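TrEMBL feature annotations, pasted as is:
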type: DOMAIN; residues: A:27-265; note: domain 'ABC transmembrane type-2'
type: TRANSMEM; residues: A:28-51; note: transmembrane segment
type: TRANSMEM; residues: A:63-84; note: transmembrane segment
type: TRANSMEM; residues: A:114-136; note: transmembrane segment
type: TRANSMEM; residues: A:142-165; note: transmembrane segment
type: TRANSMEM; residues: A:172-192; note: transmembrane segment
type: TRANSMEM; residues: A:240-259; note: transmembrane segment
Amino acid sequence: MNAVSRALTDGWVITKRNLIKIKRVPEVLIFVLISPIMFVLLFAFVFGGAINPGDGVSYKEFLIGGIFAQTVVFGATFTGAGLAEDMQKGIIDRFRSLPMSPAAVLVGRTTSDVVYNVLSLIIMALTGLLVGWRIRDGALDALAGFGLLLLFAYAISWVMAWVGLLVPSVEVINNASFIVIMPLTFVSNAFVPIQSFDGVLRTIVEWNPVSALTQAARDLFGNLPPGETVSDAWSLQHPALYTLLWVVGILLVFVPLSVRQYRLASSK
Amino acid sequence: MAVAGNDGDEGVDELTEMISATGLVKRYKNVEALRGLDLSVPEGKVLALLGPNGAGKTTAVRILATLIKPDEGTAVVAGRDVLNDAEGVRRSIGLSGQYAAVDEHLTGFENLEMVGRLYGLGGVASKARARELLERFDLSDAGDRPSKTYSGGMRRRLDLAGALVAAPPVLILDEPTTGLDPRSRQQMWEVIRELVGAGSTLLLTTQYLEEADKLADDIVVIDHGRQIARGTADELKSQTGGERIEVVLVDDGDRDAAVAVLGQVATGEVQSGDSERALTAAVTGGADSLSQVLAGFAAGGIAVLDIGLRRPTLDDVFLSLTGHATESDTDSDAGSAGGEGA
């Protein structure tokens, strides 16, 4: 068996192990699913009247793409926290003393977190439909939108995996990811239209991959004002491609970095 | 690594070394956790690594289990070099740590099945092996409950079972009974004895002389990352004066009579204790000696305030080997927090 197929075979064993936890501790899942509902409702009703994203599109419609992006990116915190917990409990030592693929624990963790994100996307989409969000382009486009969200979240998972192995403390991971992910998602077009940013901040927002992800999702769901050019930046002219470039870039850097960190990881 | 007679010209080799380490050094920031440790365990034998917290036991275990790399020195486990062939070592060892590394959300069965699959045993064999081990470790009834619900002793047994899934030729047990209640400790000892009886090579670390005595063929005493003594339990005990009876008399007028009674079982001179009324006698007969002394005292009408049989402890071994007790050296504990898991 070569290294990749072993990483996948062993990774699947770890994925199943992580999924059993969802079954045994459903409270965690409920918590994961309630927060996106809360976000959709809060933003839709609190800011719904105050922000006008452009003619022909309601804020609720505009908002959902941003909420999707923010939630799946935040979901990566789970990856970091899960690995930190495994480190603290010493089970990483058990895994590291086994003749298994050194990538398996990471492959398994990031894969099982895709399942979390799929579930939260379903819940958010249903909540969105309730408050007036609609998929206005074809179903295939919409699926591509969900796929892009999951891909980007998967890449961010590998970043958090590295952090989780580097700083094996669940508390630190939660706070650290908040400090990084909060600005990343708020300094973007996720919640407010890009026109409302000026100067340097506008440039940052335009090249923030979360903006491109959000833009691509809105585009694929048909939630953009028709015919309007929101930005001349290349990143937002080709948001799906720009997002995919980030996904590839992040994975190329953080997969090897995380696997290396796993090999060095020493729990106690 | 002594490879038994594969050249043909070495004649009958001595026992094959299953674990052999030379000059292991491991440094953490400002502390040397290991300062040139040598270890060797022949096939089918049990070596106990005995020492207090912070002595470097866990660091040694982690090096042999390929979890960390030594800064200096070499180690070969089951013919595989820990540095050049970590994967080969991992195929040959079973590790059970002082923190039971079981997934608390999985059942006992699921834990063992997962380990089997990660060894590459395949689904059917992993399941069969998991059931077999649960049976053997007296966990069948609890096998389908999440291991979170297990007692400390059950978790330890499950962890040990995990180390045995692939029936590895070498077992490494890091403080297998630390933190267990006496009954669970006894059970654990029985399990370990069975394993050794079945021919496994075993390296175990412990803080208890009694444990090393019960389980090991050979004991290496380490302190501050270095070997300070090596021998069988009997050899170490004889160095420390073995067991002794300590008596405190009610009346120091009985002193001569008491010395006479003690003299009948003592292996040497009867010593004075802390006060005029305290006496100490080295013995070898254990509880028999004690009851003989009690009978003698009763016959002679000698009243005692306190009497007891003292077995040598790790403290005694340390005291006689190093001149200091098993202090919890704060420097070494803090420094080894990275490797010792104290």
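For all residues, glycine too, the Cβ spot is worked out from N, Cα and C.
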Excluding the flanking five residues on each side, which residues at least 6 beyond the ends of the transmembrane segment (A:142-165) place their CB within less than 8 Å of a CB in that stretch?
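Residues packing against the transmembrane segment (A:142-165) from afar: 65, 68-69, 72-73, 75-84, 87, 106, 109-110, 113-114, 117-118, 121, 135, 173, 176-177, 209, 213, 216-217, 219-221, 240, 243-244, 246-247, 250-251, 254-255, 257-258, 261-262, 265.
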Take the C-beta pairs under 8 A between the transmembrane segment (A:114-136) and each of A:28-51, A:63-84, A:172-192, A:240-259. Which stretch has the highest count?
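Out of the listed stretches, A:28-51 contacts the transmembrane segment (A:114-136) most.
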Rank A:28-51, A:63-84, A:240-259 by Cβ pairs under 8 Å to the transmembrane segment (A:172-192) and hand me the top one.
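Result: A:63-84.
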Sequence-remote contacts (6 or more beyond its ends) of the transmembrane segment (A:28-51), Cβ cut-off under 8 Å?
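Residues 21-22, 58-60, 62-64, 67, 70-71, 75, 78, 116, 119-120, 123-124, 127-128, 131-132, 191-193 contact the transmembrane segment (A:28-51) from elsewhere in the chain.
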With Cβ-Cβ distances below 8 Å as the criterion, list the same-chain residues six or more beyond the ends of the transmembrane segment (A:63-84) that contact it, or say none.
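Answer is 18, 32, 35-36, 39-40, 43-44, 47-48, 92, 105-106, 109-110, 113, 116-117, 120-121, 124, 128, 133, 145, 149-150, 152-153, 156-161, 163-165, 167-170, 172-174, 176-178, 181, 184-185, 188-191, 210, 213-215, 217-218, 221, 223.
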